[in-house]
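Over in TrEMBL, the protein carries these features:
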REGION    1-26  region 'Disordered'
COMPBIAS  1-13  compositional bias 'Basic and acidic residues'
ACT_SITE  D91  active site, nucleophile
BINDING   Y146  substrate binding site
DOMAIN    184-286  domain 'Pseudouridine synthase I TruA alpha/beta'
REGION    352-375  region 'Disordered'
Amino acid sequence: EENGHQDKRLKSDADEEDAEDQNKKSPKRKIVLLMAYSGKGYHGMQRNVGSSQFKTIEDDLVSALVQSGCIPENHGEDMKKMSFQRCARTDKGVSAAGQIVSLKVRLIDDILEKINNHLPSHIRILGLKRVTGGFNSKNKCDARTYSYMLPTFAFAHKDHDVQEELYRLDRETLERVNKLLACYKGTHNFHNFTSQKGPRDPSAKRYIMEMYCGEPFVRENMEFSVIKVKGQSFMMHQIRKMIGLVIAIVKGYAAESIMERSWGEEKVDVPKAPGLGLVLEKVHFEKYNRRFGNDGLHEPLEWTEEEEKIAVFKEQYIYPTIINTEREEKSMANWLNTLPIHDFNSSAVEMQTNNKNSKRSSDLEGSDGCGDDSD
């Protein structure tokens, strides 16, 4: 009997040693992971270590990396140890189809399958590539493309009595929406499209490469459309405010001249569209690809082979979440009802007075913590 116990003990010790040997044999390498997730129910992408009450996408990701054996447990507690960096800090409730994170991991066998086994089905790792040792997904990113899916009744004029499910966007309104969205192209001072940035803060200037609204389509009897925007980088709430202002103009609450005013120095009241429809579609690494993509050691950071998996994930997890949440919670419809309380004509002095008065009478709404993107 004693010998039997000893044999068992020796066997378990040997197993542990094998696992340790396996880990030693699996070298740590800098990689990027292509991630897709539905952000509903999460307080954004970025992990808040020590704060368990607000669950983030990174909480689930780090847990899966530890459980699959890609990173040691202490790296999960201190993410700097694995040189972790996300490309964009998606906001509360925001989804992603092409988020990229860079980190050092042990390149174990069947790594993607093992990580995904420890993730919920609405978070998937769809691809992995080796990158240079000094690669940082946030700093090396040249541009980011977001989409914003919204019900088209958002563009119905305020003076028209609209039945949400029956509304269909006409050609003339779509053309007007696109004319306004195109005004954002180029470099502008977006200090009015985020919080805590003054008009003279150089970081409030952002470069927008393209912005347009696609053809409408019907899902579950409701018509939707998708706005695409590609920019170098975006500040907290910037995209939602860019879209919110265009909706306010098209609906007849604000004059077109407010766009020019919003890029000037005065404070302008810019409404923030709901976070629900916002999706990080793609991140771009053009400079990195030119320099390292064909050096014989590294692959370009392009994901053509994964495009089908991305499309399937969106159809399965992202679009149904947006459509069903819109139908059940009416986030766009409820937000549209708040547009009349915005003051689109006040001067900065009048607004400051109004703000002081409203601060006295009620607590102002707080921020939800994470930015739409890197800052």
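Glycine is treated like the rest: Cβ placed from N, Cα and C.
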Discussion item. Between the Cα atoms of D91 (active site, nucleophile) and Y146 (substrate binding site), what distance do you get, rounded to the nearest Å?
Written reply: 12
Worksheet item: How do the residues of the domain 'Pseudouridine synthase I TruA alpha/beta' (184-286) split into helix, strand and coil according to DSSP?
Response: 26 helix, 33 strand, 44 coil
Discussion item. Can you give me the average pLDDT across the domain 'Pseudouridine synthase I TruA alpha/beta' (184-286), rounded to a whole number?
Written reply: 96
Worksheet entry | Number of Cβ atoms other than its own within 10 Å, given for the residue listed as 'substrate binding site' | 26
